[in-house]
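J.: Below is one structure. I have some questions about it.
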Amino acid sequence: MASEQTLSIIKPDAVQNNYIGEIISRFEQAGLKIAAIKMTTLTKDQASKFYAIHKDRPFYNDLVNFMSSGPVVVMVLEGNQAIAKNRELMGATDPKKAEKGTLRADFAESMSRNAVHGSDSSETAEEEVLFFFKPDEITHR
């Protein structure tokens, strides 16, 4: 199986609640490797560009405000089936519907404050990784 990369964001709610280490441990225990990582606070402009796909949705402004409300941890995860593995680890968008043991079931407060973001396809993964990282900032492990 070929190795692939995906983007993961630990959102402001999970950063504020000091879940960074526990979330990263779950990724590593699942066989995903961190190829790049940084902590940053998104500007509203950055958040609006990153989530532009949702601009016509009713939750868009709240999402932009939330994602720019505090620090986030942005990572490139690498491994076999990294995208699917990350999505499985995250669980359903709504933590009330997420399976027990998933990141959102364990660490999310609500559907809008749901702890983590993950790319949903190889196309979006490539775009999202390049949104946050230059190619020379990514280490292949």
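Easy rule for this one: first residue shown is 1, then count along the chain.
Quick reminder: no glycine exception, Cβ is built from N, Cα and C everywhere.
These numbers come from a predicted model, not from an experiment.
From Swiss-Prot, here are the annotated features:
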- HIS117: active site, pros-phosphohistidine intermediate (ACT_SITE)
- LYS11, PHE59, ARG87, THR93, ARG104, ASN114: ATP binding site (BINDING)
J.: If you measure from the CA of HIS117 (active site, pros-phosphohistidine intermediate) out to 10 Å, which binding-site residues from the list LYS11, PHE59, ARG87, THR93 are inside that radius?
T.: LYS11, ARG87, THR93
J.: On the Cα atoms of LYS11, PHE59, ARG87, THR93, ARG104, ASN114, which are listed as binding ATP, what is the maximum pairwise distance in Å?
T.: 21
J.: Relative to the Cβ position of ARG87 (ATP binding site), how many further Cβ atoms are located within 10 Å?
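T.: ARG87 (ATP binding site): 17 neighbouring Cβ atoms within 10 Å.
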J.: Quick check on the recorded positions: of LYS11, ARG104, HIS117, whose CB has the lowest count of neighbouring CB atoms inside 10 Å?
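T.: HIS117, out of the recorded positions LYS11, ARG104, HIS117, has the fewest neighbouring Cβ atoms within 10 Å.
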J.: Please identify, from the binding-site residues THR93, ASN114, the residue with the sparsest Cβ neighbourhood, meaning fewest other Cβ atoms within 10 angstroms.
T.: THR93
J.: So if I measure Cβ to Cβ from PHE59 (ATP binding site) and keep only same-chain residues at least 6 apart in sequence, which ones fall under 8 Å?
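T.: PHE59 (ATP binding site) has long-range Cβ partners SER112.
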